[in-house]
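What follows is a set of notes on a single structure, which appears directly below.
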Amino acid sequence: MLVLGIDTSCDDTSVSVYDAKENRVLSNIVSSQYSFHREFGGVVPEIAARKHAENIDLVFEEALEVAGVGVKDLNLISVTNRPGLLPALLVGLTFGKGLAYSLSVPFKAVHHIEAHIFSPFIGSEPEYPFIALVVSGGHTLIVLVEGFGSYSLLGKTLDDAVGEAYDKVAKLLGLGYPGGPVIDRLYREYDGKYLELPKPKVKGFNYSFSGIKTAVRRLVEKGYPAEQVAASFQETAVSYLIGKLKKALKETGVRRVAVSGGVSANSLLRERLKELDVDLYLPPLEYTSDNGAMVAYVGYRRFLIEGEDTLEVGALARCPIS
Ligand SMILES: Nc1ncnc2c1ncn2[C@@H]1O[C@H](COP(=O)(O)OP(=O)(O)OP(=O)(O)O)[C@@H](O)[C@H]1O
Ligand SMILES: [Mg+2]
């Protein structure tokens, strides 16, 4: 069974062909729009939607070509419909519905965060329970996953997502967009002292990143070097993430951790996670940020349980995971 996975939830147009029987990704094409959003220091929804509309058929054709399959070989169309930027989501959703209708094959709408959660397991099968740490541009979540579809939200950010904080700090430092990769590189190159930044005390397993960002603004105004501020921010953000994760592991007694989302590409986060005494599941770098493969993987598993969705399904800007 060949599953097409489509994601246009934010600023990446992605289409993947997934062989569900073999549990193998045959292609995963991502067309990134960073260069169009860079001058604005963040994603502009109208530009994202327009670029998705211009690119999606090209990305789709490339995904088929790389997979070595024809359009008539597809057996299921799986598309992210929630949560995300509404005008951006609608492009992929409409394209996917059109394909499913014209090919007379089933259609499945997928929750983007559920797709991120399972991205470390593409090509394998997860063992349960595990703690999912989702660290992306729009989300920072700690979720207890007791089975496929069985999720308890343990904690989330009360304001900015960690990826968003990376992007805002980079903007304050004049480092461009997206902020994560450049701050990560500066951290690697820096070998001086770290500046002290606050780790906001919020209840339970929740996070808050807006105070750290404000503290960074003050350091910038005081004239500290960009490399030192960037490295200090990464040190603080990563140890804050790890601290709450450790707390969740201790309180739940769970010994498996799956980390996903764009920030899971971070080199320091990966280093610190590997020091934990747990079974650790990290996605390969190509599945850290948005990709169609994770949408196909989750869409297929949902289809097995629930069957197909009607083409009446709409897009949702917000939608909690549990
Ligand atoms: N090496 C890195 N270190 C830290 N952050 C990174 C790194 N690489 C990418 N990022 C961050 O990852 C984020 C993008 O991740 P992703 O594509 O998963 O988010 P999104 O899809 O926009 O948000 P969501 O999935 O919540 O809708 C950006 O904020 C970017 O700065
Ligand atoms: Mg995402």
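One is the number of the first residue shown, and numbering goes on along the chain from there.
For all residues, glycine too, the Cβ spot is worked out from N, Cα and C.
Sequence annotations record features per position, and here TrEMBL assigns domain 'Gcp-like' to 25-297.
Among the features that TrEMBL reports, Fe cation binding site is placed at HIS112, HIS116, ASP290. Counting every protein chain shown, the Cβ of ASP290 (Fe cation binding site) has 27 other Cβ atoms within 10 Å. Mapped onto three states, the DSSP output places ASP290 (Fe cation binding site) in coil.
In three-state terms derived from DSSP, GLY138 (substrate binding site) belongs to neither a helical nor a strand segment and is classed as coil. Sequence annotations record features per position, and here TrEMBL assigns substrate binding site to VAL134, VAL135, SER136, GLY137, GLY138, ASP167, GLY180, ASP184, ASN266.
The Cβ of HIS112 (Fe cation binding site) has 26 neighbouring Cβ atoms from other residues within 10 Å, across all protein chains displayed. Other than HIS112, HIS116, ASP290, the residues of this chain whose Cβ falls within 8 Å of the Cβ centroid of the Fe cation site are, in sequence order, ASP7, SER9, CYS10, THR80, GLY84, ILE113, ALA115, SER119, SER136, GLY261, SER289, ASN291, MET294, VAL295.
Neighbour count (other Cβ atoms within 10 Å of the Cβ, all protein chains): 31 for HIS116 (Fe cation binding site).
Non-local neighbourhood of GLY180 (substrate binding site): GLY163, TYR166, ASP167, ALA170, GLY262, VAL263, ALA265, ASN266, each in the same chain, at least six residues away, with C-beta under 8 Å from its C-beta.
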